[in-house]
Amino acid sequence: MSNLAATESRSSDATDLSKGADAKLEYQPGLPGIIEDSDLQGDDVDEAAAALRGQSLDYTEQEESRVVSKIDWRMMPIMAITCGLQFVDKSAVSNAATFGLQSDLHLHGQNYSWALAVFYFSYLGATWPSTYLLQRFHPGKVIGIACVLWGVCILAMLGVTNFGGLIACRFLLGVFEAPLSPGFMMITTRWYTQKEQPFRFGLWTLLNGWLPIPALVMFYGLGHAGGPLQPWRYIFLVLGLVTVVMGVVVFFFIADSPANAPFLNDRERAIAVERIARCQTGIKNTLWKREQFIEALTDPRVWLVVATLFLSQSGGAVTTNFIGIIIKGFGYNQLRSLLLQTPAFAIQGFICLIVTGLVSFTKTSRNLKQPLLSIAACCVIAGTGVVYSTTPTAQNRQLLLGMMYMIALNNCSFTTIMSVIGVNFAGATKKSTVSAMTFVAYCVSNIVVPQAFRGTEAPTYHTGILTVMCFQIALVICYWASWALMTLENKRRDKLQARHPHPDGEKGVDDAMQKKEDVLQGLKDLTDRENMTFRYSP
């Protein structure tokens with residue numbers, strides 16, 4: 001019992017020391033619950049485990065809350081603005097089309113659809129290299145450099161005069177935007193617990209919906225601007241300059257992992273690492289493991305989640321690339337059709353917060369992410385059904401506009417599926433492989449679906465709308481299949497644990513040692529299939 005008293009005393013000292021800017025914990029080797037050098041040996045140990053050396057694993061809820069708050073205020077604003085800019089930048093060509101880009105560049109037939117698709121061809125080709133770079137190097141530096149480079153590509157649109165120049169800029173834009181989403185997904189899983197991740201995904205993707213609103217108002221003003229350039233070129237000038245500046249901010253202010261965050265002291269780093277270790281998902285390991293790669297490719301849970309992302313992107317084809325043209329086809333002029341897109345983006349932001357907030361803060365919804373998404377998919381099915389079957393007239397254009405806003409509910413799917421991937425797969429190589437597979441599916445969907453929107457059918461795009469409706473029906477099926485598979489596996493593991501519980505021992509010392517073992521287990525770079533203490537959160 002003397003060891004237990006010493007541990008409790010050491011925990012109290014650690015709490016007091018955490019108030020200092022450079023708090024460190026002097027410790028005596030051998031005390032239960034203290035991480036020692038011998039615990040951190042081996043190639044399989046997560047690199048972040050070093051932050052736990054000599055630290056007690058006991059801390060108060062107030063300490064944890066302070067650490068999470070510091071992480072939120074440092075990371076979330078930068079990530080949200082950058083992600084919002086990425087969305088505005090890649091969809092700027094759609095806004096430019098409203099201002100005459102197609103006629104100015106002499107586009108005809110499927111040229112516009114191919115200009116949209118080529119972005120995803122290059123994004124697809126850059127996905128695997130980007131994933132490797134993000135796992136191997138500091139993700140903040142990789143994303144920061146990429147952000148500056150895609151800002152340069154946006155600025156290059158000022159000099160585009162034909163279809164070839166447009167294709168070249170869109171191709172390079174896809175290459176340099178490729179690291180952002182998988183990189184931010186990696187960062188989120190390194191810093192936040194399973195419970196916290198969905199809402200944080202919602203926060204940093206929030207501006208995907210809300211940043212386009214002031215951007216569209218700005219574009220409306222630019223549409224009335226005079227000067228030597230066509231109005232749509234000013235759009236790319238402003239966006240390019242802002243993006244380059246934001247890339248510099250990301251490069252210098254996004255931290256690599258909790259283990260080396262400069263804005264946290266030693267004690268806070270240890271708390272930040274221990275929180276994630278308890279989730280059994282790991283933080284950072286730069287070793288590439290063939291067995292984890294193969295496991296990712298052979299895991300049916302992975303393929304079902306990949307399928308959900310592939311199918312869900314069909315709705316984005318409507319709300320990102322063709323919404324301006326479709327709304328204009330309802331009988332609105334080009335400037336008003338631009339402003340009428342803003343409610344769709346507002347809905348996207350609100351629905352993301354509602355869904356991710358529900359699954360983060362309400363216990364009953366935490367494992368119902370995919371069933372909730374199936375409700376949104378059913379709304380998209382209804383919206384596309386009405387748009388497909390109704391001929392636009394002056395009398396029904398308000399109805400059709402409302403259905404377009406209903407289709408915008410689809411946009412909560414990307415955020416929530418990202419959180420499903422982040423919390424349900426463990427092992428550094430497996431997570432990066434799943435991330436790459438997911439964004440390959442993302443690209444393929446965004447290449448295939450726009451081709452169903454035939455230029456000869458503009459602005460109604462009947463074939464494209466029907467394609468989206470069919471994809472969404474298949475999506476509902478995949479959501480429920482994925483949820484059922486993960487839920488059944490959780491029940492199986494619960495039964496196994498009930499049959500083989502940890503043996504009871506001397507309370508206090510055994511609790512401290514068990515907590516230590518659980519944390520170290522979460523830092524061994526085990527996959528979700530290998531680690532039987534892992535539980536899925538579908």
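In case you wondered, yes, glycine gets a Cβ from its N, Cα and C as well.
Any TrEMBL annotation is an automated prediction that lacks curation.
Residues or ranges marked as compositional bias 'Polar residues' in TrEMBL: 1-15.
The feature region 'Disordered' is assigned by TrEMBL to 1-38.
If you look up TrEMBL, you'll see 112-130 (among others) marked as transmembrane segment.
Taken from TrEMBL, the feature transmembrane segment applies to 142-165 (among others).
Look at TrEMBL and you will find 201-222 (among others) tagged as transmembrane segment.
The transmembrane segment annotation in TrEMBL covers 234-255 (among others).
Taken from TrEMBL, the feature transmembrane segment covers 302-327 (among others). Note on the transmembrane segment (302-327): residues 87, 91, 94-95, 97-98, 116, 296, 337-338, 340-341, 344, 348, 370, 373, 377, 380, 384, 387, 401, 404, 407-408, 410-411, 413-414, 417, 420-421, 424-425, 434, 437-438, 441-442, 444-446, 449-450, 453, 458-461, 464-465, 467-468, 471-472, 474-475, 478-479, 481-482, 485 of its chain, located 6 or more positions outside it, place their CB under 8 angstroms from a CB of the stretch.
According to TrEMBL, the feature transmembrane segment maps to 339-360 (among others). Within its own chain, the transmembrane segment (339-360) has Cβ neighbours under 8 Å at 195-199, 201-203, 205-210, 212-213, 216-217, 220, 319, 323-324, 327, 332, 366, 368-369, 372-373, 376, 401, 404-405, 407-409, 411-412, 415-416, 419, counting only residues six or more beyond its boundaries.
Below 8 angstroms of C-beta separation, residues 308, 312, 315, 318, 326, 351, 355, 358-359, 365, 399-400, 403-404, 406-407, 409-410, 412-413, 416-417, 462, 465-466, 468-469, 472-473, 475-476, 479-480 of the same chain, each at least six residues beyond the ends of the transmembrane segment (372-391), sit close to that stretch. TrEMBL lists 372-391 (among others) with the feature transmembrane segment.
As annotated by TrEMBL, transmembrane segment applies to 403-427 (among others).
Annotation source TrEMBL lists transmembrane segment at 434-453 (among others).
Annotation comment: TrEMBL describes 465-486 (among others) as transmembrane segment.
It is 403-427 that, among the stretches 112-130, 234-255, 403-427, 465-486, forms the most Cβ pairs under 8 Å with the transmembrane segment (201-222). Sequence-distant contacts of the transmembrane segment (403-427), counting only residues of its own chain at least 6 positions beyond either end whose CB sits under 8 Å from a CB of the stretch, comprise 181, 185, 188-189, 194, 197-198, 201-202, 205, 208-209, 279-282, 289, 292, 295-296, 301-302, 305, 308-309, 312-316, 318-319, 323, 326-327, 343-345, 347-348, 351-352, 354-356, 359, 369-370, 372-373, 376-377, 379-380, 382-384, 386-387, 390, 434-435, 438, 468, 472, 475, 482, 486, 525-528, 530-531, 534, 536-538. Of the ranges 112-130, 142-165, 465-486, the one with the most Cβ pairs under 8 Å to the transmembrane segment (234-255) is 142-165.
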